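Q: To start, I am sharing the structure in question, which I have written as structure tokens.
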């Protein structure tokens, strides 16, 4: 339980914050379609990694 609190919560918060900030940067910047598409893929990958981290603990 202690490991869960000390590791899972900070990692989860950091990873989701990174994902959300990445999403905000992508949606606000005027990028061409291909860059935006890559950005969306990165966001999906980011959430996938964060969910995998959650499953690990």
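Placement of Cβ uses the backbone N, Cα and C atoms for every residue, glycine included.
So Swiss-Prot says this about it:
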type: DISULFID; residues: 19-39; note: disulfide bond
type: DISULFID; residues: 26-44; note: disulfide bond
type: DISULFID; residues: 32-46; note: disulfide bond
Q: Spatially, which candidate from the disulfide-bonded residues 26, 44, 46 is nearest to residue 19 (disulfide bond), comparing Cα atoms?
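A: Closest recorded candidate to residue 19 (disulfide bond) by Cα: 46.
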Q: Please give me the CB contact count at 10 A for residue 19 (disulfide bond), counting all chains in the structure.
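A: Taking all protein chains shown, residue 19 (disulfide bond) has 19 Cβ neighbours within 10 Å.
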Q: Among the disulfide-bonded residues 26, 39, 44, 46, whose Cβ has the fewest other Cβ atoms within 10 Å?
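A: Minimum Cβ neighbour count within 10 Å, taken over the disulfide-bonded residues 26, 39, 44, 46, occurs at 44.
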Q: From the Cα of residue 46 (disulfide bond) across to the Cα of residue 39 (disulfide bond), what is the distance in angstrom?
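A: That separation, Cα to Cα, works out to 10 Å.
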